[in-house]
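What Swiss-Prot says about this protein:
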BINDING   GLY137, PRO138, ALA139, GLY140, THR141, GLY142, LYS143, THR144  ATP binding site
Amino acid sequence: MTEHLLAMNQKLKNPDEALSLFGNQDSFLKLMEKDLNLNIITRGETIYVSGDDESFQIADRLLGSLLALIRKGIEISERDVIYAIKMAKKNELEYFESMYEEEITKNAKGKSIRVKTMGQREYVAAMKRNDLVFGIGPAGTGKTYLAVVKAVHALKNGHIKKIILTRPAVEAGESLGFLPGDLKEKVDPYLRPLYDALHDVLGADHTERLMERGIIEIAPLAYMRGRTLDDAYVILDEAQNTTPAQMKMFLTRLGFGSKMIITGDVSQIDLPKGVKSGLAVAKEMLKGIDGISMIELDQTDVVRHPLVAKIIEAYDKQN
């Protein structure tokens, strides 16, 4: 193998830039070495690569793309590097860079929220384009989080008056009346992921204030019956655990000026044996209807710990 001096368009300007690009203790470079079968050596702000010409070219483009993002003030994470490597191997780095061009909104700490994968980009675009969107895929793909982010963004911009978040309490058989405690105590354990997303985007205090004013409503699916939801962003989470009747009931609540986002994972159905999933039925029945988007995410869109994607892939192969 031939040692190359990696020829970048611009040299690294300072140690801080090098740290952002290389990762803590060169962790990002180690990921590249492993995935691209290279040896990468750094001397100050200069990079040397030992590997074949093809791998060298991939690494050159990869580091150039990451550096371009860093110079735009975007903080690079391990997940970003892993996804960038995949895109570089497919010669699709221009799409990787373009994902970071649009900020959806900022979280409670003022940090920019952006899509992290091409699948997420398609999902967010669908939510902008259509009033009814299904986000279907495994855990960790950002289905629920991005739906909440878009809902908050719509509320901040005055496009809607209310956010409604719901999910079936299938673990309790939707029979919450048989559980001890008041409604909030009964419902909260099943809706915790929705609270977590809201707290990240709005902060816990702001979320509570909006809930007290009725601007944000979090409730079990059974409480949607008989309502028409106008000027609202309505999110149904864990939709794989609805029955077809529950799904129909929910979808027909859609009112004027509203959007509905339905998220779920058809591989994680917890319904009693023999009961069909409302999400699985809707996925087939509503496919191709104008104004409805069916977005399917997969393990390449997982934005949790890198091992999560590998675990999902292993189980998918088994099934």
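Cβ atoms are placed via backbone N, Cα and C, with glycine included.
Between the listed binding-site residues, namely PRO138, GLY142, the fewest other CB atoms within 10 angstroms of a CB are found at PRO138.
Comparing local CB density within 10 A for the binding-site residues GLY137, GLY140, LYS143, the maximum falls on LYS143. Around THR141 (ATP binding site), a 10 Å sphere centred on its CB holds 31 further CB atoms from the protein chains shown.
Remark: THR144 (ATP binding site) has PRO193, LEU194, ALA197, ILE235, ASP237, THR263 as non-local neighbours, by Cβ distance under 8 Å and separation of at least 6 in sequence. The Cβ neighbour count for ALA139 (ATP binding site), using a 10 Å radius and every protein chain shown, is 16. In the three-state DSSP assignment, the secondary structure recorded for THR144 (ATP binding site) is helix.
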